[in-house]
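Colleague: Per Swiss-Prot, the feature active site maps to K10, D136. Taken from Swiss-Prot, the feature ATP binding site applies to P94, V95, S96, A97, G98, L99, A100, G101, G102, S103, S104, supported by sequence analysis.
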Amino acid sequence: MKISITAPAKINLSLDALYKREDGYHEVEMVMTTIDLADRLFLERLDEDKIVLDVKAHFIPEDRRNLIYQAALLLKNRFNIKMGVRITIDKHIPVSAGLAGGSSDAAAALKGLNIIWELGLSIEELAEISSEIGSDIAFCVYGGTALATGRGEKISALPNMPGCWIVLAKPSISVSTPTIYKELQVDNVEHPNTEKMIESIKNGDLDGIFASTGNVLESVTLEKNPQVKRIKDRMLAFGAEAALMSGSGPTVFALIKQYSRAKRVYNGLRGFCEEVYMVRPWSESENDTIN
């Protein structure tokens, strides 16, 4: 059996950290949505008991360091699977960008393996299993738009993000998520209005969504990396209704109603930033296939 499955990137419309928990993680409230910038995974069931990864991108491991490999190994051990799998990954999501590319790939792998190994697991079961690998994989299992709480693994679905244009720009720098969280001072930062964001999404109110964007991690990342702030400022100067860093960065995204204005923002970032994308909220228009 062979299947292909998409793994869309995500952005944080709002990201709040409330306090540091006893387990070392922060208690978070994040409103996230998937976008139509996506990787694609091709899975082939093997008779041999082995996991083979083939990543069509540089600097991405093909061994146990890869979340896809960890997802496959977790399912094999949990359910005593004696079959193997070959997974080929066609990468489009930037690496280490704050867009959950690795987590989305792992989520897609879990869903694909559930099919080719005929496990019969529900989405809820896959999401619960995924939390053993990473905090934000559960959201990627569900996709769409949702509120994530706890350390990011507790998911409450929300209506789809209203139609708009999204321009993403990733500078050529890397950001350490653990370092950003370690330096975050939750008592000395402006917190986003998560309730207002949820209300705006439920009402399909784009202006309310634009006004409610916020990310407490900007207080650290933008201070340490002025280039990220310059990208955000440039987006707003070219007409973005809202601009925000995704996750711990370094990618910044702009939210824009009109195509012509989005194109102006996109063109204004090209040449200023190496990786620039113009996308839409995820619509699941690209179907997964099974052969």
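Just so you know, glycine gets a Cβ as well, placed from its N, Cα and C.
Mind mapping these onto the model and telling me what they sit next to?
Modeller: Listed in sequence order, M32, T33, T34, I35, L99, A100, S104, D136, F139, C140, S246 are the same-chain residues six or more apart from K10 (active site) with CB atoms under 8 A from its CB.
Cβ contacts within 10 Å of G98 (ATP binding site), excluding its own Cβ and spanning all protein chains shown: 29. In the three-state DSSP reading, G98 (ATP binding site) counts as coil.
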Colleague: Counting across all protein chains shown, how many other Cβ atoms sit within 10 Å of the Cβ of D136 (active site)?
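Modeller: Step by step: centre on the Cβ of D136 (active site), count other Cβ atoms within 10 Å, giving 25.
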Colleague: Starting from the ATP site formed by P94, V95, S96, A97, G98, L99, A100, G101, G102, S103, S104, give every other residue of that chain whose CB sits within 8 Å of the mean position of their CB atoms, in sequence order.
Modeller: A9, I93
Colleague: Using other CB atoms within 10 angstroms as the count, which residue among the binding-site residues P94, G102 scores least?
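Modeller: So among P94, G102, the binding-site residues given, the one with the fewest Cβ atoms within 10 Å is P94.
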